[in-house]
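The topological domain 'Cytoplasmic' feature in Swiss-Prot is assigned to 1-37, 88-127, 188-255, 302-343; the stated evidence is sequence analysis. Residues or ranges marked as topological domain 'Extracellular' in Swiss-Prot: 59-66, 149-166, 277-280, 365-378. Taken from Swiss-Prot, the feature transmembrane segment applies to 38-58, 67-87, 128-148, 167-187, 256-276, 281-301, 344-364.
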């Protein structure tokens, strides 16, 4: 049926192309390491900003100051890892999206399937908009407030080769941060959303496969051909799951590693700062905290959806009209159901299964680190 199967991600890849993080050609089989425009954009902003933040964190001698620096330093470090990852593996994701949008194997063939896609796309768009508001909403509080502070103060602490507290030199550092922060935010939000959409679409394809399996009838014309086509669809989805894991594994693993520290340092900074004396700063930190929690929660939700959709395939096959099929077909059904017992899961870094248990572990680790910091402060 006539429906754009990958509608939400087209906007996201368009944004990534603008920031030189996505192949500009439609069919690319290898990473393009000669993209000098990408280097010219991200080296002076993304990677230099990360370096300056780490230098400030290393030179710090105070726990609270170190926490204030690390909460943004770790975020930008994860961003740098995501940028390198997408430069290396964007062609893999581009190939998968091309298959989903053009191959007849993934064509939507009923109103029920179109409605399912349309509903999930609308919900994904709402989630993405809320995530954008939480992430981008921090920028005005962070960037505008320092303009009214006396003495001068940068949005984030970072090392500079000059004394930025001098009135004239302050503006060089401030303009650099005011330019870098929106760029980092836009790239980070968009790359996260592409990862989430790949997992969402994979779970939708598995649900579509389950619906088609449950509708198989013993008196269907070309029953064997339909069933073999569904087996081929399942095999292709498993291959795509491996490719998606290659694309999202390292970036998700990096995000999981730093998320517990970021959440910990954010809450610690909020507790150590006087709320009534700095309401805009407190509001910014609250939004930042929500965005960081969403950054680790949403991939686990979409990863869990892949696991659940794959696990439901056996039940869907069992709910078909297999008892009335001939012996040869029942034998094929039995072999396929045994094959379905192999789980379809996505891993982060080859270690962690991307699912809701990973989110709870990350939050528990953040709480433990926060308790340790508070005890050290006492």
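Here the Cβ of each residue, glycine as well, is placed from N, Cα and C on the backbone.
Note that the structure is a prediction, hence the values are computed from the model and not measured.
Among residues of the same chain six or more beyond the topological domain 'Cytoplasmic' (88-127), those with a C-beta under 8 A of the stretch's C-beta atoms are 1, 3-9, 13, 16, 21-23, 26-31, 194, 196-198, 200-201, 204-205, 207-208, 211, 229, 232-233, 236, 240, 243-244, 246-247, 298. Counting Cβ pairs under 8 Å that are 6 or more residues apart, the transmembrane segment (38-58) and the transmembrane segment (167-187) reach 3 or more and are in contact. Between the transmembrane segment (128-148) and the transmembrane segment (344-364), fewer than three CB pairs separated by 6 or more residues in sequence fall under 8 Å, so the two stretches do not touch. Outside the topological domain 'Extracellular' (365-378), and at least 6 residues removed from its termini, the chain residues within Cβ reach (under 8 Å) are 63-64, 67, 259-261, 263-264, 267-268, 271-272. Nonlocal intrachain contacts for the transmembrane segment (167-187), taken as residues 6+ away from its ends with a CB within less than 8 angstroms of a stretch CB, comprise 15-16, 19, 21, 41, 45-46, 49, 76, 79, 82-83, 135-136, 138-139, 142-143, 146, 152, 154-156, 158, 160. Long-range contacts of the transmembrane segment (67-87) within the same chain, counting only residues at least 6 positions beyond its ends with a Cβ under 8 Å from a Cβ of the stretch, are 16, 21-22, 31-33, 35, 38, 42, 46-47, 49-50, 53-54, 56-57, 60, 156-158, 184, 187-188, 191-192, 247, 250-251, 254-255, 258, 261-262, 265-266, 268-269, 272, 288, 292, 373. Long-range contacts of the topological domain 'Cytoplasmic' (1-37) within its own chain (CB-CB distance under 8 A, at least 6 residues past either end) are made by residues 83, 86-91, 94-95, 97-98, 100-101, 106-111, 113-114, 117-118, 121, 124-125, 128, 183, 186-187, 190-191, 193-194, 197-198, 201. With a threshold of 8 Å between CB atoms, the same-chain residues lying at least 6 positions outside the topological domain 'Extracellular' (59-66) that come near it are 157, 159, 268-269, 272, 373, 376-377.
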